[in-house]
């Protein structure tokens, strides 16, 4: 079988910003409340003293360049290596990019997880924002996989488990990443996963829908490619399924050569079936369900048997064990049964033997309820811009007093809560919610249609994971639905207020190189520091071309204000010890060594979900081992 190379694709350009209401509130007010908060919910503060960063860091090579600046490797006086991202404020051209940058800094500075890139410090002056981040020395996961014909299952599980742990932590705190891909997953010096690039991340709420069509084409979910609203976590689950397929099989699940074929395959869930099935096939099938309601959640993945095979605890139980809890033998057997019941969910559609087995051996396996239907493609419904949309009213800000988008004034300090708009036409009174009928006799409001082509069309060069993701796109100006929280049924929405079209621009990258064409012939606006809320926007200095950045301009000899980041909780250690997998290997003959994946036969799989008898045998063997351990 000819191996299909991994394709590098750029990101879908996010749609026009309708997020001014939702994103203007501090991150602390919008985080999901929990009895044991995993993050400190504090605002970003300012130090009232200046810093000359050239005296604090020794700058080494440049890691990458982007639309807004560059990322450099640097060494502190203590010897610690860091990655420093510089953002030039005169490159920020619209409200949408402003919200992405501000949200990325707020979210990443609040997250504290061993597998997420940490922000150490943030500095700002009148012309630049400088972000000091954790440095991942071994590059990204794309290069790591490309250098190897195929990862063995143990290594694939090791990487995937760390990705799931970080993403599960984000979802527990109400954060959706929305741009998971190999290029945004870095490796540190110890070979551990570090997820980067939260430029497209956002907060999500149950019962409300997001509508930004963003992400990378080969990792985009059916909701994204078809322009349907989504809650958020289901988009990450789909991308996680694509990542698992790549880790296990070494190829992309969908054909990225042709746009029409790619959209059709994603919409129907018709991924390429490997010639050599893996034990993870059931989990891949569950994650790549077209119906988002039936798609595996991060809770399902964290408790799946394949993810936890060879580990003493499930991902969701690590925090409890760290605090002193100890699972009993009965709970271990129940966990094993739960893993198999969850992992076999997609298999129950066609496996009568498995259904009968669970009815006999697993309590509740034959519970009543709606039967599992055969997976099918979602019909191509009316595009989201054919529907009438509504903005969710924010109690902290009245949408009836929101001016038009073109009249918004950009704030001087982009990390500070924005002041209310001071000018623009105001639409008097909220519009009444009106359901939209899909009957042929009733006309649908005339709203610009989503393009039939172009969403996933053009390929982009690959980017560094330190960069934020959205890029310009030929079809970007046609994607008008921004990140809007829509409550209730997405079919019952009202039309948003018509506004001028914003330019779609990347956050820190355009084809991996610094762009000069976007600002030619224009006078870019600049932004002041955080202590200035409103003042006339000065024009850029005429002595420096708008598209040029000198080698020393990242810090030069300027003074910066340091921003006080939220305090972080101690990191949660990941545990590992002798497990069921280790005990099983004691009874097996020594392995003859790893073979090429195309040389292995189907019978080499020790626990394939395609064989019901193997499932039964492995389950009984695992129960026997658990009873001996208890």
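Every residue, even glycine, has its Cβ placed from backbone N, Cα and C.
Marked as N-acetylmethionine by Swiss-Prot on the basis of similarity to another entry: 1.
The domain 'Protein kinase' annotation in Swiss-Prot covers 57-307 and is backed by sequence analysis. Taking the domain 'Protein kinase' (57-307) as a whole, pLDDT averages 90 in the prediction.
Summarising the annotation, Swiss-Prot assigns ATP binding site to 63, 64, 65, 66, 67, 68, 69, 70, 71, 85.
The active site, proton acceptor annotation in Swiss-Prot covers 179 and is backed by similarity to another entry. Secondary structure at residue 179 (active site, proton acceptor), taken from DSSP and collapsed to helix, strand or coil, is coil.
Residues or ranges marked as phosphothreonine by Swiss-Prot on the basis of similarity to another entry: 212. The local packing around residue 212 (phosphothreonine), expressed as other Cβ atoms within 10 Å of its Cβ over all shown chains, amounts to 28.
Taken from Swiss-Prot, the feature region 'Disordered' covers 361-504 (among others).
Residues or ranges marked as compositional bias 'Low complexity' in Swiss-Prot: 464-476.
According to Swiss-Prot, the feature region 'Disordered' maps to 521-566 (among others).
According to Swiss-Prot, the phosphoserine annotation covers 529 (among others).
Residues annotated as phosphoserine in Swiss-Prot, with similarity to another entry given as evidence: 550 (among others).
As annotated by Swiss-Prot, phosphoserine applies to 553 (among others).
Per Swiss-Prot, phosphoserine is recorded for 579 (among others).
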* Structure fact -> Widest Cα pair spacing in Å over the listed ATP contacts 63, 64, 65, 66, 67, 68, 69, 70, 71, 85 is 14
* Alpha-carbon distance [residue 179 (active site, proton acceptor); residue 67 (ATP binding site)] in Å -> 18
* Asked: Near the Cβ of residue 69 (ATP binding site), how many other Cβ atoms are there if near means within 10 Å?
  -> 25
* Asked: Rounded to a whole number, how many Å is the Cα of residue 179 (active site, proton acceptor) away from the Cα of residue 71 (ATP binding site)?
  -> 20
* To do: Pop the Cα-Cα gap between residue 212 (phosphothreonine) and residue 63 (ATP binding site) into the table, whole Å please.
  => 29
